[in-house]
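Contents: one structure, followed by commentary.
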């Protein structure tokens, strides 16, 4: 025997019993034990075992296990996997509690938990194991106790899960509210940016319209000025043309009048001063001329003219 291991397990088998007691073991040789599934009774008493590994629970062929007089402080949670286990001796260890999975040992008929520092409720459920009857009652009561603990643990787990789900829902609700606020803020920001761009666009359009209006006003002003200037020139040119025509007309009329006067005067002079005064066309003219002279004799200017003409005749 080497400390913690067994040299030859096959030599320790007697029928269906595998005796590894007093082997100074600190761990169970699970792989070696799995090679002998016919050994359904495993005696590990009086060793130095402090814990059992989870793979120990893979030895599902075991029906009876003796772990008395070791240093076990806990059992693996997977112990419920030992579905064929009927007899379990845990006498004189350092166990305070049993794992919740212990309630799954549905085939367990015999249990000894004496001389362990069990917590009070478990110790009360276990009771004494001084004879076969008490050890069977111990197994039954402990399984029932562990089932109650399992139900409470499941309820507690359910409450914890429910609380976690509620917290998760609240967290998700807060996250959704946060996302909604962020979306609303983003939407508001986009709306403000859009409104700002719209106002800038309207301002630009208004400025362009004002410029265009001002340009049109300037063009209209220039056009009116040009029209007024044209009208002024036209109005100035029309009077000038009218004045020029009138001046020309009056000048021509005056010339005609002067020419007429000169012609009449010449005819009168011819009829008065020449030998033609006795001609038929001159007689009426001379008569009218003499009547006009008599009429105008009272005028000083006319008298002077007549005097001059008399002087010319003489």
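The backbone N, Cα and C atoms fix where each Cβ goes, glycine too.
Automatic, uncurated: that is what TrEMBL annotation is.
TrEMBL lists 169-201 with the feature compositional bias 'Basic and acidic residues'. Applying DSSP to the compositional bias 'Basic and acidic residues' (169-201) sorts its residues as follows: 33 helix, 0 strand, 0 coil.
Positions annotated as region 'Disordered' by TrEMBL: 169-237.
Residues or ranges marked as compositional bias 'Low complexity' in TrEMBL: 202-212.
TrEMBL lists 215-225 with the feature compositional bias 'Basic residues'.
Feature annotation from TrEMBL assigns transmembrane segment to 248-271.
DSSP assignment over the compositional bias 'Basic residues' (215-225) gives 11 helix, 0 strand, 0 coil.
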